[in-house]
Amino acid sequence: MSGYLGSYATLGLLIVVGALVFVGAFSANRLLSPSAPNPAPDKYRNYECGLDPVGGDWAQAQIRYYLYAFLYVLFAVESVFLFPWAVIYDRPEFGASAVVEMGIFVAVLALGLLYAWRKRVLRWT
Amino acid sequence: MKYLAQDPTLANFGHDVWWLVLIKVVAVFALLLVLTLFTIMYERKVVARMAVRPGPNQVGPNGWLQSLMDGMKLPFKEEIIPITADKVVYFLAPVIAGTCAFITFAVIPFGPMVSIFGHRTPLQLTDVPVAVLVILAATSMSVYGIVLSGWASGSTYPLLGGLRSSAQMISYEVAMGLSIVAVFMTAGTMSTSGIVHAQAGGAQANWDIFGWHPQAPSWYAIVTLPSFVIYAISAVGETNRAPFDLPEAESELVGGYLTEYSSFKFAMFYLAEYIAMINVSAVGATLFLGGWRVPWPLSLIDHGVLNHSWFGLIWFLGKVLIFLFGFIWLRATLPRLRYDQFMRLGWKVLLPANLVWILILAGIKTTQRTPTGNTRWFVIAGVVVVALIAVFLWPEKKGPEAPSTEQLEEQLAQLPEGSFPLPPLDLQVPPSPRLQRLTGQREPATVGGGTDEKEN
């Protein structure tokens, strides 16, 4: 647990312990829950909204969810480039040009948002 | 006596003995579980008080053990997995949601360097140079838990709830990630302990009031106020809390993505949801409210004695609880937004405002550094002129014209027989019955002598 990757190893340990806790909890649940439950008919059908389910288990979803996912990728990538820039942009060796360049980069991506806006992708109905 | 050199730096991490790491891991888990149980009760008590009712008061002293009992009960329940469910993914989804919820607290600083059994160690599980990125990654991963649970349930409403929830979370995650950029720009680091250290104290002003040099505020909630506002709003959206709790809008989607879950898996989602709330509160307290550092007037006592060692834990938990109170207050006060309004707020208001704010902040910081005064004024004047031109030349929006009475009557005539009764077309509001009663009870005042009928 030392060296540069030591901190990451601790993070990994946390994930492993978390998964172990859940596996343990699920097995405890299996032991504790009723072992011979009432075999009522239709018990394992969907609950849905309390009434008998109508139709299949799929619903048609709006295509907009897909477009929002695309926009998310656009801005998630933008943030990935913004974060390291934000940490070091004010070091003396960069000067004002770093800010101007990032302004241009953000403007190009904002253009993407503007395009989606004008195409009425952001309007829900 | 001065307490210096107690701030952990990145060099202090990664040197712990294995049993110390284990103790910290267990402590993080225990703290999160206890905080979750407490938060559920805290929420129910506060909401009850705001609604002027007693709230849960049966189990334990004043009802404070209610959430513990609820949690204990769930593993004893039979688990019903619907036949249409995809078994593997149905099992994996709550595990993903739960595990991801725990990661964030690994990089949250609870306090400065302390000594545990003779070992000097920071009161924080671990820290990495990109700690805030780890937090963002963990919250992104938890979207998987939600969308997969909705998909794997094999049922209509959970599917729709899961889709809605994932669209909502990714939208507000963009706003949240961009609001943190201003913090990076001001602090110059992405490690959480570094950000807390950067909020230790503002620079002293070079002017004075009777010999007192006032200090600039050091909390990023004040220094980068727009970012804090955007963070607070997007934190509520990110955690699916009221007024943005659309994935669980009961009247539209039953219970949302966890409708088909029962027994312990349901408890898992519930736990993940509350831990997510605690997570964003803790991150907000760390990034914007000075982390474990004692708030301003108290920080003056004896050169910051209250920042020393374990005291940090008190201030940190206090700030988290204040943040959580804000969440609960919102839930008790505001009605739920409509989904399209909600998405509009995220993409058309928060996101552009965020981008503009980042550029403005970068501009301000760069001009502050520029040695020559003239360039600075030119830049500021240029920005002001551009903003004014944009404001004046912005095209005005024309709303749709109101339909005339004839059009409305025509519409009304086309309705089939026996349709739902419509309000009068002139839209005159009928007088309130309460108003009539009030005026009816009032008697006309008799003023002066004159011709009064009662005297006759």
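Backbone N, Cα and C define each Cβ position, glycine as well.
Annotation source TrEMBL lists transmembrane segment at B:17-40 (among others). Same-chain residues lying 6+ beyond the ends of the transmembrane segment (B:17-40) with a Cβ under 8 Å from its Cβ atoms: 67-68, 70-71, 101-102, 105-106, 116-117, 119, 121, 125, 271, 274-275, 277-278, 320, 324.
Listed as Cβ neighbours of the transmembrane segment (B:88-110) (distance under 8 Å, sequence separation of 6 or more from its ends, same chain) are residues 8, 28-29, 31-32, 81, 122-128, 131-132, 134-135, 138-139, 141-142, 144-146, 148-149, 151-153, 192-193, 196, 261, 265, 268-269, 271-272, 275-276, 279, 282-283, 286, 291-292, 312-313, 316. Annotated transmembrane segment per TrEMBL: B:88-110 (among others), in sequence order.
Marked as transmembrane segment by TrEMBL: B:130-153 (among others).
What TrEMBL lists as transmembrane segment is B:174-198 (among others). Sequence-distant contacts of the transmembrane segment (B:174-198), counting only residues of its own chain at least 6 positions beyond either end whose CB sits under 8 Å from a CB of the stretch, comprise 7-10, 13, 107-109, 122, 124, 127-133, 136, 139, 220, 223-224, 226-228, 230-231, 233-235, 237-238, 286-288, 290-293, 346, 350-351, 354-355, 357-358, 361-362, 365.
The transmembrane segment annotation in TrEMBL covers B:218-237 (among others).
Here TrEMBL flags B:267-290 (among others) as transmembrane segment.
Per TrEMBL, transmembrane segment is recorded for B:310-330 (among others).
Taken from TrEMBL, the feature transmembrane segment applies to B:342-364 (among others).
Residues or ranges marked as transmembrane segment in TrEMBL: B:376-394 (among others).
Among the features that TrEMBL reports, region 'Disordered' is placed at B:417-456.
Against the transmembrane segment (B:310-330), stretch B:267-290 shows more Cβ pairs under 8 Å than any other of B:130-153, B:218-237, B:267-290, B:342-364, B:376-394. Note: the stretches the transmembrane segment (B:267-290) and the transmembrane segment (B:342-364) are not in contact (fewer than 3 CB pairs below 8 A, sequence gap of 6 or more). Taking Cβ pairs closer than 8 Å, the transmembrane segment (B:342-364) reaches residues 167-168, 171-172, 174-175, 178-179, 181-182, 185-186, 224, 226-227, 230, 233-234, 237, 244, 246, 379, 383 in its own chain, all 6 or more past its ends. For the transmembrane segment (B:130-153), the residues of the chain that approach it from at least six positions outside its boundaries are 82, 84-86, 89-90, 92-98, 100-101, 103-104, 106-107, 159-163, 165-166, 169-170, 173, 176-177, 180, 183-184, 190-193, 195, 238, 247, 256-261, 269, 272, 276, 279, 283, 287, judged by C-beta separation under 8 angstroms.
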